[in-house]
Amino acid sequence: MAVALNIADLAEHAIDAVPDRVAVICGDEQLTYAQLEDKANRLAHHLIDQGVQKDDKVGLYCRNRIEIVIAMLGIVKAGAILVNVNFRYVEGELRYLFDNSDMVALVHERRYADRVANVLPDTPHVRTILVVEDGSDQDYRRYGGVEFYSAIAAGSPERDFGERSADAIYLLYTGGTTGFPKGVMWRHEDIYRVLFGGTDFATGEFVKDEYDLAKAAAANPPMIRYPIPPMIHGATQSATWMALFSGQTTVLAPEFNADEVWRTIHKHKVNLLFFTGDAMARPLVDALVKGNDYDLSSLFLLASTAALFSPSIKEKLLELLPNRVITDSIGSSETGFGGTSVVAAGQAHGGGPRVRIDHRTVVLDDDGNEVKPGSGMRGVIAKKGNIPVGYYKDEKKTAETFRTINGVRYAIPGDYAQVEEDGTVTMLGRGSVSINSGGEKVYPEEVEAALKGHPDVFDALVVGVPDPRYGQQVAAVVQARPGCRPSLAELDSFVRSEIAGYKVPRSLWFVDEVKRSPAGKPDYRWAKEQTEARPADDVHAGHVTSGG
């Protein structure tokens, strides 16, 4: 009897096909598929024994490491729903996420125990807490935390979880339009089709049989995949699940270090490298330019999976690593994979963020009609077919993003684009307002709210300014209260208690009055012009920003 397209089932097919193959490597540690199965089963049973029920939410608050893969698989085996927790979040953001997700259990690294201890009194529904040792000494027993391996040791290693459903929910938390995280709800079958390997991205056709990937795994040696970004990103979750379903090997590292990346590729003979645009590509190039004795002959694909990276960096990578393929992929937590641009040695490629979209992705104008190639019209990227159910506990935002137009249901998260004459699509950005800093989305309204909490700030707008490494950096245009002129260092210290560090402004412009519409709506075009007209009045130490 066919098994539903459930993530746990798909992983178990590969486990059965290649039990002795290495599934995951991190540093000097590694697990075979059979060992991963044993530990994930034990975790699943432990969660169930602690009262975690089907569709309960379990947070995962860790950097990349072996235990994060055990936890991902164990959570879905238990029938629970994984909640990805950004380890950069400060306490206010954690409190919101724990509460909004209705989290009942948490797996976290010990280094975050103090933050967790401060948040738990306001989130009493988080009852079961497993702590992964990481060499730090923060006290987790004060709130009932239990060491990860001690907790799962008593769990059953058996795979006896009953039937599963393709309609089970997979939750991807992403920043909302106000900056607050929103949980995007996917059916397991749908996210498998668009993000986790259930579609041949070259042809756009579905993988026909749920056992096909596992059968191919048994018949072929494994590819070695190395996703660099943290697992909090859907892109790295995607790369990891794809590898698990197809019996491949995933290499992880807890931190990004360019030299260590190349050493790891050399050591483990990595075939596919995944990263996030220029923020990672530039240091990787710099490390290669310095010269090395690494054997990188195994590497044939370099893929940017969360932020487009510049043509100059592609050119340099191809120069340093000839005969490789480089790809840019577009997509989002709301759409999954949407399209790609591919560049290999000797191939022509344009200078803009241009991709070829798949046949389930379109660009729609304001009237809901498809934008014609070469028309020069701007439209929004819209995805049909396998798309999310909606946002968790947010009917209003669900109705805004997931719309039915001419009888077709689309996911329209707000990414603007135009269609070129050859059918490729040039990306213009999310509402032309959000800031993409090294692959991290920053939404202006959240930063503005934090800034305006400072007693010396009357009003503020936040925009992105160009940055050679990160693509963009966060800049603030501030109207101070009369007689006040807060320094960037003061504002930095103040807002860090409200927002994660990567959202904090790196440059500051003062104006007599922030320009808004009569209805109070912000004029971001005007704010951007202020940053381009003259040098910043104050910049973060070590970061130089000038007009133009």
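Each residue, glycine too, has its Cβ placed from N, Cα and C.
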From the ranges 346-374, 520-548, pick the one that Swiss-Prot records as region 'Disordered'.
520-548
By DSSP, how many residues in the compositional bias 'Basic and acidic residues' (520-541) are helix, how many strand, and how many coil?
10 helix, 3 strand, 9 coil
What does DSSP assign Phe180 (ATP binding site), in three states?
coil
Thr174 (ATP binding site) - helix vs strand vs coil (DSSP):
strand
